[in-house]
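Engineer: What follows is a single structure, and I will ask about it in a moment.
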Amino acid sequence: MKDKLVKAIAKDGQVRIIGAITTELVNEGVKLHNCAPTAAAALGRMLTAGALMGTTLKSEKDTLTLQIHGGGIAKGVVVTSYADGHVKGYIGNPTADIEPNSKGKLDVSGIIGKNGNLLVIRDMGLKEPYIGQVPIYTGEIGEDLAYYYTVSEQTPSAVGLGVLVDKDLSIKSAGGFIIQMMPGADEMLADLISYRLEEIPSITEMISKGMTIEEILEYIFEDMDLNILESIVPEYRCDCSREKVERALASIGQKDLKEIYDEGKEEELKCHFCNKAYTFSHDEIGDILESYYNEK
């Protein structure tokens with residue numbers, strides 16, 4: 001099933017929905033970072049969440065960054081997403097892996113940890129980005145995001161995220177949804193949706209059966225006048241460049257940059273999001289010193 005993200009409403013706009021199949025997107029990210037199974041599930045859930053949430057941005061220049069740091073062996077997960085559905089991310093420890101949990105599922109909470117925070121950072125080109133922060137609720141990511149929406153944005157929400165890792169460490173299926181009740185929505189409608197979400201199979205199970213994202217949402221919102229508003233293709237894409245990495249190198253400060261230059265060696269920097277390596281020769285480091293700090 002090809003990746004696809006849709007925005008929809010139901011019950012005359014009382015319910016707002018974003019849903020996606022992200023199997024290929026997650027597979028790309030997991031391969032880039034060479035993730036162990038549990039790390040793959042954690043990164044995949046965050047990438048899916050990022051793709052869903054990024055499409056709520058108003059401008060193509062805006063960015064949304066999700067961070068979760070719970071003190072666990074995953075050493076945090078960071079994802080940045082954009083309005084067009086493209087996303088990039090990394091996990092601090094791609095080898096993080098532990099035994100399955102009591103339900104026989106990959107123990108994402110066990111590697112994320114619960115001693116920390118979930119951050120949602122929206123950079124809309126203003127002087128300061130908007131930062132929303134909540135304590136980690138379960139470490140399973142989906143429930144943490146639902147808690148964030150309810151507490152930080154006062155929007156009752158259900159967030160479902162799933163990643164099914166195959167035996168060869170490829171991603172068999174991945175996807176998710178965000179369902180939000182709009183102001184003034186019928187409370188009985190919210191109860192009905194909650195009941196249905198408890199009764200349906202997991203999103204990875206439905207994707208594995210060959211259901212499209214539209215069919216999944218039609219199944220959840222049967223008899224609720226589901227209306228698909230738009231669809232896009234989400235993808236994993238890193239926008240790093242030599243110029244951006246050069247700016248990052250310059251940002252370490254004049255003193256540290258001068259020390260690197262005085263060592264007379266080349267410096268290699270890797271992009272966190274795609275692992276691409278950028279090498280700067282001794283002369284190039286000198287040029288950066290001169291360009292940014294008028295020193296060599």
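Note that Cβ sites are derived from N, Cα and C of the backbone, with glycine treated the same way.
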Engineer: The disulfide recorded in Swiss-Prot for C274 goes to which of C35, C271?
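Structural biologist: Of the listed candidates, Swiss-Prot names C271 as the partner.
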Engineer: For C274 (disulfide bond), write down the residues of its own chain that are at least 6 apart in sequence and whose Cβ falls under 8 Å from its Cβ; none is a fine answer.
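Structural biologist: Long-range Cβ contacts: L32, K88, C238, C240.
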Engineer: Using all protein chains in view, find how many other C-beta atoms are within 10 Å of the C-beta of C240 (disulfide bond).
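Structural biologist: For C240 (disulfide bond), the 10 Å Cβ neighbour count is 18.
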